[in-house]
């Protein structure tokens, strides 16, 4: 029997075994079998303690908040970027969270990092360790939605980590005079004691202000304070602290190690005698609170305070902290951790990594009174730490001179809220080690003496003004734990920030200078900020290439004024006509698109509008243009005008607009709705002859540049652009909106529907959905008319997309829908993003970056994937028994290798440009050499897909699209769900297009000849 061409071959049928099919009946399986089957596919841990993972020597990242680029982009897209954002109000350092998340969503990671570091010099540290659930996340408006709040800490960590990989140093504010030309007051000697978060923050802001004689004295051999010594490596790696210290040192701040308060004669008095006019105390609370029952116990006996234990763990696990590698504390058996704060849970999870078999966290009050943030407690719970509430330590049980247990008394809360210890209720716990984490204090007599002459409070710490951070001596300031206001790293950072302003104010007062009553601290700066993104077109110099299109964002002149104040380089007026052509709009008229699926809120991929031109008169716009040019002489204003096909009208309106002092004109020949019925807009712009004549009329009537705004709703936009060129236009705008019908409801009525009859018309689609059309138009015009100026519009919503249009041949960029999605402040993101994209082109070490995106490392859930396949000899998926095998192999390796990590490393910290930094003009039309006719494409250089099994999450999307939309070239293992590419792969790239993990699938050169499957022999011999 002859083979049927319309039936799959047997080998293809086997490939299709797991391909989805429409369900025709209900299936039946026993409960027992399903309980067993689920274990094979389980990704989350089993609830039983039998599944406990050995964590000894494993200091890999455990934070749930850590994000890959994919995760960061998805999370940033969810953010509403709210007005008067509550998250910002809940941040101690007042981070502009809305702005930095906006930058992340636009792939401008430097812009995000700049926003973060401008308000928080320890932005990466805080992104990793901030108790966000109690701060910014606690105020997120998305708490009122089903999907919950934004992972702000993870986004903050992601952006600053990417910037750290760029290796770009911090610089002084470029607007400051050189150090030699700064006033004498800025050479004041300033000392900071303690190199922890508060001092690093304070010194950074003082250096940004221009002070150049700043020294930090640190008693330890290492920097970073508690960030280094007490926060574990798996929460805060040492290289993060080093990165932030290096940024501070970039500004000239000096750090002196092994010289602390009360050490080697260092006192407040001695510093003053040495010529320091201001001292900032940021030494924390260096001694542990120690309950009386532990008096005399030592680490050799099995007793540690958190101040003993955590630094030992840090020195052994944080490579670079010390010159030599020390050993972890050797724990075993049962460990009791006393306390209910973040430090207690750090001790508990660290104990597991030091060999403890089981850890009990014991605290005096109940779960509802735990001081630790939920993130910390949850991490300990997931690692199978046990919690014992309502217990107060009463007596240490010893055996052979060592700790062998602890006797507790039950605590109870009375009706009046007070707590009592009931000694009749006794609990005995066996323990091999006890770690006390009952807080900290200052009780070193040498330090207390060195603090003289400032007054101390009843706790033995300085009296500090909560607003100025001054002590009782006006030249001495304090912050962080020792000041008594901060309980977290970010609050200590803010103490330093707050003090820096008042130190500045104090120093200037000594020199008779008055400064602003409102604090105004400098922003973070690096060389990226100095990149020139101005561009000249038609003899007009644009401060930057980003401007507002003639659209709803320029409804009024006052809106344009506000846009210029925010930094927009140019703006077009809303299109206006002669008074005889005045219009009145209908409503509703601007609606969200359906091109992004069911996404509600900002981030819409498109809008549809049936809005007409401006309802305001030509006189209004001409007077407004004159006002704006007078107040913003460096900004460019283009008057957008429209008439019917009438030479007298075009002549009159063009002359009127020119006399208003507009820098240029835009001829709107493309409005796709409403105006065409009046013989205007689209009615003029679809005929090359009409376009050519209108341009000739305007050229004859005016002397300033003008640009014809083209419609994409034509067969060949190049013909229209050529007509404009032949008519004397100085350039064109490409493109206006695409004519469309956005949505029909279930009852067949349209949206928008006007009036009782719910009538509509075809409107203009704008936004990202039309970007491919606009890019095609811009590149086609640029190829046909080399050097002809193009103002691009159509889906420009970021610096990255803007650069695409510049590469395609545009000179400047018009924006509308992106502002409708957000607000005028996006201009800061666009400018910084473009500066970064240009700057990074000059750094050879980053040649493998895609814009601001670093190469994707192998990861799962944003965390680097150790090369376990090298340990077990094969790649396995991350679920069920395979995950267990991988976890056990890694645990054994970690234990045997003393915690050395097998994973990719980051880039060097400092990268210096070795090539000239391109300007905007240098990148215009760079992509055109890659665009041409299909016949120019080489069909001998074939590629095929390659799946990275270590990054694959086993969803099978590649498999399904290849089966039902492609070439049945992917096998899908029924047990491991790992896809395998066969030689049948044609390199179509559908699999990569639907893969949810960035770079899990890559297209690589084909190693075997490609032979198309023709179905039947070509010209068979009969």
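Glycine is treated like the rest: Cβ placed from N, Cα and C.
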For the substrate site that Swiss-Prot assigns to 668, 669, 670, 736, 737, which of the candidates 609, 635, 693, 768 is also assigned? 609
Which one of 26-45, 46-65 shows up in Swiss-Prot as region 'Disordered'? 26-45
Where Swiss-Prot shows 91, 130, 156 binding [4Fe-4S] cluster 2, which of 82, 136 is named for the same site? 136
According to Swiss-Prot, 574, 575, 709, 767, 793, 794, 795, 816, 817 bind FMN, and the residue from 550, 596, 842 that belongs to that same site is 550
[4Fe-4S] cluster 1 binding in Swiss-Prot involves 79, 82, 87; of 126, 140, the partner in that site is 140
How far is it from residue 197 (FAD binding site) to residue 439 (NADP(+) binding site), counting Cα to Cα, in Å? 18
Can you list the residues of the same chain, besides 952, 955, 958, 962, whose Cβ falls within 8 Å of the [4Fe-4S] cluster 3 site's Cβ centroid? 947, 954, 956, 957, 959, 960, 970, 972, 979, 991, 994, 995, 1001
Close in space, distant in sequence - residue 343 (NADP(+) binding site), Cβ under 8 Å, 6 or more apart: 230, 306, 310, 437, 439
Quick one: what's DSSP say for residue 261 (FAD binding site), helix, strand or coil? coil
Nearest to residue 955 ([4Fe-4S] cluster 3 binding site) by Cα, among 129, 224, 340, 487 (binding-site residues)? 129
Measuring Cα to Cα, how many angstrom lie between residue 962 ([4Fe-4S] cluster 3 binding site) and residue 129 (FAD binding site)? 43
Other than its close neighbours in sequence, what residues sit by the domain '4Fe-4S ferredoxin-type 1' (69-100), given a CB gap under 8 Å and a spacing of at least six beyond its ends? 107, 111-113, 115-116, 118-120, 123, 126, 135-142, 147, 150-152, 154-156, 158-159, 162, 488, 490-491, 493-494, 497, 601-603, 822-823, 825, 828-829, 853, 856, 861-862, 996-998
Just to verify: the residue among 486, 958, 962 with the fewest other Cβ atoms within 10 Å, which of the binding-site residues is it? 486
Please compute the mean pLDDT of the model over the domain '4Fe-4S ferredoxin-type 3' (976-1006). 97
